[in-house]
Amino acid sequence: MARKQNRNSKELGLVPLTDDTSHAGPPGPGRALLECDHLRSGVPGGRRRKDWSCSLLVASLAGAFGSSFLYGYNLSVVNAPTPYIKAFYNESWERRHGRPIDPDTLTLLWSVTVSIFAIGGLVGTLIVKMIGKVLGRKHTLLANNGFAISAALLMACSLQAGAFEMLIVGRFIMGIDGGVALSVLPMYLSEISPKEIRGSLGQVTAIFICIGVFTGQLLGLPELLGKESTWPYLFGVIVVPAVVQLLSLPFLPDSPRYLLLEKHNEARAVKAFQTFLGKADVSQEVEEVLAESRVQRSIRLVSVLELLRAPYVRWQVVTVIVTMACYQLCGLNAIWFYTNSIFGKAGIPPAKIPYVTLSTGGIETLAAVFSGLVIEHLGRRPLLIGGFGLMGLFFGTLTITLTLQDHAPWVPYLSIVGILAIIASFCSGPGGIPFILTGEFFQQSQRPAAFIIAGTVNWLSNFAVGLLFPFIQKSLDTYCFLVFATICITGAIYLYFVLPETKNRTYAEISQAFSKRNKAYPPEEKIDSAVTDGKINGRP
């Protein structure tokens, strides 16, 4: 195998080099990113960290700011200006028809405005494979900014144009942007990162979702943009992250795995590895991908139906479906329904509640950052299983405190603690790890179809919660949280028995971990079992 590795390395023109990266790439912005390698922190013993590079940081931050940040922002941005938007709907209707809008019609229009974001997300998920096959990961993210910018302009100009339809259409287009972003960004980050930091880099998606939610809450304050005269600007600022991504990502290469396995462009793949890893000698990394490339070269991208039928990924698919369903059905969205009433019962003046609500966004962000810092130490399993388990426990506690909140003045404060604990539990694991696992469970040819399945479950579950929760809440009142507690506990139990730890494992090793449960082996393992089996058996 060593002789084989050397032959492949020479074929690619790779020779052992020193740490000097001055000749690793052409001059220009890309080289500047590579040369900032000296900013990375050192490790004991004088050894330098090889995991993080400035290019990885720029790719993750710029990618997430223009993608998952916008998803989180659009989840919360409609809350503060709700009364002003409804008034705008009524004024537009009265100007056209000569009479005020019927309350039921207004409720329907507002429900469509909120829920159509999820419909757009589903559409975006379904077109990912088609766009990604042609454009690749990076250029799909860049093209996706066209959806964000057009949606921002439509929504920001709706008041001036007197057309509420522009706001609804803009929300739909913004949903398409979110559907594409939540599929392509985790794929891109998973494929450009070394396995040692794949989880931490993947959590950037969740961190920026939380930052986006918090930013939407913050800008919605009356002192900022949450006023009747300025609410359209809440949607106009969506342009800023999109433009930042458009100006930064072009200087970075596409996923090296995509370039090598799907485009078969070895030279560009080598340069991409050099840029993202911040070193010139990437022969080992290229050889790891070539091991997959030797069998993947003749394998086309599988379809969603083929992936669902494949016995050798059956439990990976089931696990992705379970985690994504629990991600949306775990009840976090329902928490926002009770937040204002609970804060009010705790004695907080109504005018101050929007400011106190910022604490929920702050807790989300801190918990997501904590998860990103510890995920490579604790692993995926403890954070995901523990997160769902704690959510189930705190939902049960919240049900008790909400039932007894009129019996003592201090009980509502326990409810506030319960809400914050649920949010922290969600963001410390379930809020981001499902996206990471979807990227880790599948080989290159399967990954786009896997993200279509995951995204479809995600957006359909999102839509179902928005549609069904009002009826569940009306029927069960505060006991509705017991439904979410059951979902969380059930998900935790399933993951405890099925989910293997993927921390610091290659894609081949993760596939092997599922093989016994699947009772079937993927074709590449049969063809090149010496590669994968050798690595598995070599693990301590």
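Any Cβ shown, glycine's included, is placed from N, Cα and C.
For 1-31 (among others), the entry in Swiss-Prot reads region 'Disordered'.
Residues or ranges marked as topological domain 'Cytoplasmic' by Swiss-Prot: 1-51 (among others).
For S9 (among others), the entry in Swiss-Prot reads phosphoserine.
Below 8 angstroms of C-beta separation, residues 33-34, 36-37, 39-40, 141, 144-145, 148, 174, 177-178, 181-182, 184-185, 188-189, 192-193, 197, 201, 204-216, 238, 241-242, 244-246, 248-249, 252, 275-278 of the same chain, each at least six residues beyond the ends of the transmembrane segment (52-72), sit close to that stretch. Residues or ranges marked as transmembrane segment by Swiss-Prot on the basis of sequence analysis: 52-72 (among others).
Sequence-remote contacts of a segment are chain residues at least 6 beyond its ends whose Cβ falls under 8 Å from one of its Cβ atoms, and for the topological domain 'Extracellular' (73-107) they are 113-114, 117, 158-159, 162-164, 167, 171, 174-175, 178, 209, 212-217, 219-221, 226-228, 231, 234-235, 238, 241, 336, 354, 361. Marked as topological domain 'Extracellular' by Swiss-Prot on the basis of sequence analysis: 73-107 (among others).
Within the same chain, the residues at least 6 positions away from N90 (N-linked glycosylation site) whose Cβ sits under 8 Å from its Cβ are P100, I101, L106, listed in sequence order. The N-linked glycosylation site annotation in Swiss-Prot covers N90, and the record cites sequence analysis as its basis.
Positions annotated as transmembrane segment by Swiss-Prot, on the basis of sequence analysis: 108-128 (among others). Same-chain neighbours of the transmembrane segment (108-128): 74, 78, 82, 85-86, 89, 101, 140, 147, 164, 167-168, 171-184, 448, 451-452, 455-456, 458-460, 462-463, 466-467, counting only residues six or more beyond its ends whose CB sits under 8 Å from a CB of the stretch.
Across the range of the topological domain 'Cytoplasmic' (129-140), the DSSP-based residue counts are 12 helix, 0 strand, 0 coil. The topological domain 'Cytoplasmic' annotation in Swiss-Prot covers 129-140 (among others).
Positions annotated as transmembrane segment by Swiss-Prot: 141-161 (among others).
When pLDDT is averaged over the topological domain 'Extracellular' (162-171), the result is 93. Annotation comment: Swiss-Prot describes 162-171 (among others) as topological domain 'Extracellular'.
Swiss-Prot lists 172-192 (among others) with the feature transmembrane segment, giving sequence analysis as the kind of evidence.
Look at Swiss-Prot and you will find 193-200 (among others) tagged as topological domain 'Cytoplasmic', backed by sequence analysis. Look at the topological domain 'Cytoplasmic' (193-200): DSSP puts its residues at 6 helix, 0 strand, 2 coil.
The annotation transmembrane segment is assigned in Swiss-Prot to 201-221 (among others) on the grounds of sequence analysis.
Secondary structure of the topological domain 'Extracellular' (222-231) per DSSP, as helix, strand and coil residue counts: 1 helix, 0 strand, 9 coil. The feature topological domain 'Extracellular' is assigned by Swiss-Prot to 222-231 (among others).
Marked as transmembrane segment by Swiss-Prot on the basis of sequence analysis: 232-252 (among others).
The topological domain 'Cytoplasmic' annotation in Swiss-Prot covers 253-316 (among others).
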Exercise. Hey, which of 232-252, 382-402, 416-436, 452-472, 479-499 has the most Cβ-Cβ pairs under 8 Å against the transmembrane segment (201-221)?
Worked result: 416-436
Exercise. How many other Cβ atoms are found within 10 Å of the Cβ atom of S515 (phosphoserine), counting all protein chains shown?
Worked result: 17
Problem set entry | Positions on the same chain near the transmembrane segment (452-472), where near means CB under 8 A and six or more residues out | 114-115, 118-119, 121-122, 124-126, 128-129, 179, 182-183, 304, 307-308, 317, 320-321, 324-325, 327-329, 333-334, 337, 434-435, 438, 480, 483
Exercise. Does the chain bring the transmembrane segment (479-499) near the transmembrane segment (382-402), so that three or more CB pairs sit under 8 Å (pairs 6 or more apart in sequence)?
Worked result: yes
Exercise. When only pairs 6 or more apart in sequence are counted, do the transmembrane segment (382-402) and the transmembrane segment (232-252) reach 3 or more Cβ pairs under 8 Å?
Worked result: no
Problem set entry | Residues of the topological domain 'Cytoplasmic' (376-381) by DSSP state, where helix covers H, G and I | 5 helix, 0 strand, 1 coil
